[in-house]
Amino acid sequence: MSAHYQNQQLWVEDQGVAALAERFGTPLYIYSKAAIEQAYQAFATPLQGRKHLICFAVKANSNLAVLNLLARLGAGFDIVSGGELARVLAAGGDPAKVVFSGVGKTRSEMAQALKAGIHCFNVESVAELDRLNGVAAELGLVAPVSIRVNPDVDAKTHPYIATGLKENKFGIDILMAPDAFRKAASLPHLKVLGVDCHIGSQLTQTQPFVDAIKRLMELRETLAQDGIELAHMDIGGGLGVTYTNEQPPKPAEYLAEMLPLIPPSLTLVMEPGRALVANAGLLVGRVEMTKDNGFKRFVILDTGMNDLMRPTLYQAVMPVLAVNQSQNQGPMSDLVGPVCETGDWLAKDVPLSAEEGDLVAIGGAGAYGFVMSSNYNSRPRAAEVMVDGDKVHLVRQRETVESLWAGEQLLAE
Ligand code: LLP
């Protein structure tokens with residue numbers, strides 16, 4: 001966690017959270033540059049001396065400053081849309097280190113990525129192979145491809161974020177994969193580069209990853225018999241983080257189990273999102289008021305599901321950190337937002353004595369936080385800042401109310 005208490009006050013690196021909230025207003029996303037750097041090195045260090053490419057899953061946090069920081073550290077990027085590709089390029093990312101995942105790539109997104117010269121397309125269906133071959137032919141180019149295989153392993157995570165089971169829409173079933181590879185190898189405007197899988201997110205055990213890689217290695221042998229040689233293996237993302245009590249393996253522990261399964265002749269590609277940024281971010285809100293209906297105490301913030309969807313969407317339990325540490329004790333309370341929805345809550349039954357005007361932060365908000373926020377109830381999206389030691393950078397200004405209807409029009413008559 002990037003945040004810590006000092007003299008009973010919450011800090012991010014050398015900046016007091018209360019002062020940041022005063023200066024930039026609330027709701028406010030605060031990221032720690034050092035925490036992102038440390039998380040990146042936790043993956044990169046064990047991979048030294050080995051052919052590898054760490055592709056940050058842009059969907060987890062697509063702020064340009066975050067992408068730029070990771071690009072400078074040497075990261076590549078896993079994208080799922082033309083919009084994410086444009087962001088990566090705007091942030092100074094190297095297209096040659098980009099992999100493109102997703103089940104519904106449009107023709108124009110394919111053309112955009114081909115022209116940019118990305119590293120690889122992670123193809124998720126036979127229909128996509130045909131479409132990509134056609135688009136590459138029109139451009140007179142050859143598309144580098146990996147086939148995303150669905151290895152049918154149970155990631156033992158929340159059903160909304162498990163992706164490697166037969167019933168999920170992702171990838172090509174492992175039993176059908178050899179045919180898909182043969183087809184890819186036969187198409188003139190495709191070049192088979194590798195195989196990939198992504199079995200789910202917020203995994204706290206290594207066994208499902210191990211099972212998936214073993215299946216991919218068997219597939220590699222089958223393909224070799226057909227003369228199809230793979231240059232890389234992409235093991236996806238999915239490594240979990242500690243929000244409250246979870247005990248996921250550390251990146252070094254996870255890699256220590258993965259690396260012996262994959263021959264060093266293969267370039268190891270991975271797509272971590274959450275593990276690089278979740279615990280580098282906080283969402284800070286101010287208490288508007290409190291109320292007790294005789295049954296429950298509610299602490300009502302100026303931020304809610306519009307800024308942070310994870311609690312209501314996945315029943316995710318995220319850490320609550322009163323900015324004044326002494327307020328982490330008190331009556332059991334539900335931390336809720338101002339949005340007119342029963343599901344607008346950030347935490348349930350937490351001890352909290354914060355009152356009107358006090359500040360409360362939610363930890364673990366650096367991944368799938370701002371990126372999933374919305375303007376529901378016509379709420380401008382939050383500002384984002386990045387702390388670097390005793391410096392702070394405004395990396396996204398708060399939206400204005402007027403900007404919410406900037407693309408709208410009254411009826412002409
Ligand atoms: N690669 C692919 C193909 C993915 O679909 C994902 C995430 C990742 C990599 C990165 O996974 P990570 O390392 O972050 O677990 N909004 C949800 C998580 C959705 C994950 C979707 N795919 C949440 O807030 O928990």
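Including glycine, each Cβ sits where the backbone N, Cα and C put it.
Over in TrEMBL, the protein carries these features:
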type	residues	note
ACT_SITE	CYS340	active site, proton donor
BINDING	GLY238, GLU271, PRO272, GLY273, ARG274, TYR368	pyridoxal 5'-phosphate binding site
BINDING	ARG274, ARG310, TYR314, GLU341, TYR368	substrate binding site
DOMAIN	30-366	domain 'Orn/DAP/Arg decarboxylase 2 C-terminal'
DOMAIN	34-278	domain 'Orn/DAP/Arg decarboxylase 2 N-terminal'
MOD_RES	LYS59	N6-(pyridoxal phosphate)lysine
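On a Cα basis, LYS59 (N6-(pyridoxal phosphate)lysine) lies 14 Å away from ARG310 (substrate binding site). Under a cutoff of 8 A between CB atoms, and with a sequence separation of 6+ in the same chain, the neighbours of GLY273 (pyridoxal 5'-phosphate binding site) are PHE56, ALA57, VAL58, LYS59, ALA60, ASN61, ASP78, SER201, GLY237, ALA367, TYR368. Take the CB of PRO272 (pyridoxal 5'-phosphate binding site) and look out to 10 A: across all protein chains shown you find 26 other CB atoms. Checking the recorded positions GLY238, CYS340, GLU341 against ligand 1 with a 6 Å cutoff on the Cβ atom leaves GLY238, in sequence order. For the recorded site, ARG310 (substrate binding site), the DSSP three-state label reads helix. Using a 10 Å Cβ-Cβ cutoff, ARG310 (substrate binding site) registers 21 neighbours. In the three-state DSSP assignment, the secondary structure recorded for ARG274 (pyridoxal 5'-phosphate binding site) is helix. Mean pLDDT, taken over the domain 'Orn/DAP/Arg decarboxylase 2 C-terminal' (30-366), works out to 96 on the 0 to 100 scale. Counting only same-chain residues six or more apart in sequence, the Cβ atoms lying under 8 angstroms from the Cβ of GLU341 (substrate binding site) belong to MET305, THR312.
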